[in-house]
Amino acid sequence: MADHDHEHKQQQESTDGAALQINQNHALSRTMMSFNLVLQKLPHLTDYLLPSASSRHDLMVIPNPMDRNEFYRPFHGFYVSDTDVILRRILYDLELAGSISPGDVVDVLAYHRAGPRSQIYLDPNVAVRAAIVTCGGLCPGMNTVIRELVVGLWELYGVRQIFGVPAGYMGFYSMNPIPLHLHTVHDWHKRGGTLLQTSRGGFDLHNIVDSIQRQGFNQVYIIGGDGTMRGALKIFNEICRRKLNIAVTGLPKTVDNDIGIIDRSFGFQTAVEIAQQAISAAHVEAESAVNGIGLVKLMGRSTGHIALHATLSSRDVDCCLIPENDFYLYGKGGLFEFLEQRLKKNGHVVVVVAEGAGQDLIPRTDAQKEERDESGNPVFLDVGSWLKSELNNWWSRDHPGELFTVKLIDPTYMVRAVPANATDNLYCTLLAHSAIHGIMAGYTGFVSGPINGNYAYIPLAEVAEAKNAVNTKDHKWAWVRSVTNQPDFENK
């Protein structure tokens, strides 16, 4: 009897599997759609320069010197070809595709895959003079990227003329470049910040390009955030206009993870890890007080990725406030009503707020509304201090004489200044080497970065304009809501 039941169960499972396969095939046949691969054009030096064999300093095509590496010989399939591509999007809902008319074509964006090419366009031993610059704010991993650019250029391609440009963009025309060697940078990956130093502002296009040309740089590696990438695009366009044999690449850096297209920017995972330490401290402070609130202000001017990921990783957070999701303080469904309910239930609360959240709620003068920083960004007021003050005012008004404590923790500069963790260090290495391989192959005006887990070359023009805001309609934000059980704060 038992054998008969087992056999019947197997037959039923087989039948169910066949039915599922039939239904899937039927769904696929109903869509009757085709895909058109659109490969994004990647700028190349040959777009405006012709290879020449007359001068060792001109654009030329030679075999990759890694063929002659005494320690490591490229194997079959080691080199990446121009036909290797990475898809921008890998998820499609075939049920939704059923609304597409038969015969319609869906465009699928693709990018060139990053990696070494079998041929390069400069002789590294005599013709390459590379410049590396860091711009904007600090971020974990900046020193690792610098180090790996030097090591990759030196060890993989035999480049010996490598220079660091101090103090950001203004350093090109106001300071002397610093020679970089293997022994100079050997332990930089263990240190936070940038040993080249950085600055905001100072972008003078013609002075920068004049200086690059005057100092004989023909490879420029620019490390920075979205504003820096927009500056890099202008430099690239001016070099193209002058038809100079100079390749430019951007290495996207932003602790906020607000650069679009790529999976994430370097330093982000380290920032989330350090942010959790601040949340843990806030939780201890709140839990140790009567009606205690631990308030943590995290980085995130325009996006709340750090706050979101730190909340999901920590599990100690009761409320997460990000720039992409408006909130209000008083009234039904407001922040204070929610916090009061949580205090009655648990006796303490932990609130995480991104620095760009609630900026429209903070009173400011007309002069403050017009204020800009060195990079041209609006100056934000301190949402942490403002919210702490509002919390104290609310409690004093609604609960006079009752114990209440708010502890504000702002780990901003601690998050920015620490060395990269192991995951970000590996990312920085792959990012730097991808940039080197791309420039050696003659590509210019591009950014390296991971797309769907694989490294690609993306035109600077796209990265300079792309944003990476938190999508409050996707699953990740739904997970935050399920962890905190906070209201949506949408309907006042």
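Cβ coordinates are placed from backbone N, Cα and C, and glycine is handled just like the others.
Since we're looking at a predicted model, the values are computed, not measured.
If you look up TrEMBL, you'll see 129-437 marked as domain 'Phosphofructokinase'. For G137, R200, G201, G225, D226, G227, T228, the entry in TrEMBL reads ATP binding site. Under the heading Mg(2+) binding site, TrEMBL lists D226. For G227, the entry in TrEMBL reads site 'Important for substrate specificity'. The feature substrate binding site is assigned by TrEMBL to T254, V255, D256, M299, G300, R301, E355, Y413, M414, V415, R416. Per TrEMBL, the feature active site, proton acceptor maps to D256.
Long-range Cβ proximity for G137 (ATP binding site), meaning a same-chain Cβ under 8 A and a gap of 6 or more residues, is found for T198, R200, G225, V255, R416. For the pair formed by T228 (ATP binding site) and T254 (substrate binding site), distance between Cα atoms is given as 10 Å, rounded to the nearest Å.
Sparsest Cβ environment among the binding-site residues D256, E355 (other Cβ atoms counted within 10 Å): E355. Around the Cβ of R416 (substrate binding site), the number of neighbouring Cβ atoms within 10 Å comes to 20. Nearest Cα neighbour of D256 (substrate binding site) among the listed binding-site residues (G201, D226, G227): D226. The two recorded residues E355 (substrate binding site) and D226 (ATP binding site) have their Cα atoms spaced 18 Å from each other. For T254 (substrate binding site), the nearest neighbour among the binding-site residues G201, D226, G227, judged by Cα separation, is D226. Each residue contributes its Cα atom, and for M414 (substrate binding site) and D226 (ATP binding site) those atoms are 22 Å apart. Spanning the listed ATP site, residues G137, R200, G201, G225, D226, G227, T228 have a farthest Cα to Cα distance of 13 Å. Considering other CB atoms within 10 Å as the measure, the emptiest surroundings among the binding-site residues G201, G225, G227, G300 are those of G201. The Cβ of T228 (ATP binding site) has 28 other Cβ atoms within 10 Å, all protein chains considered.
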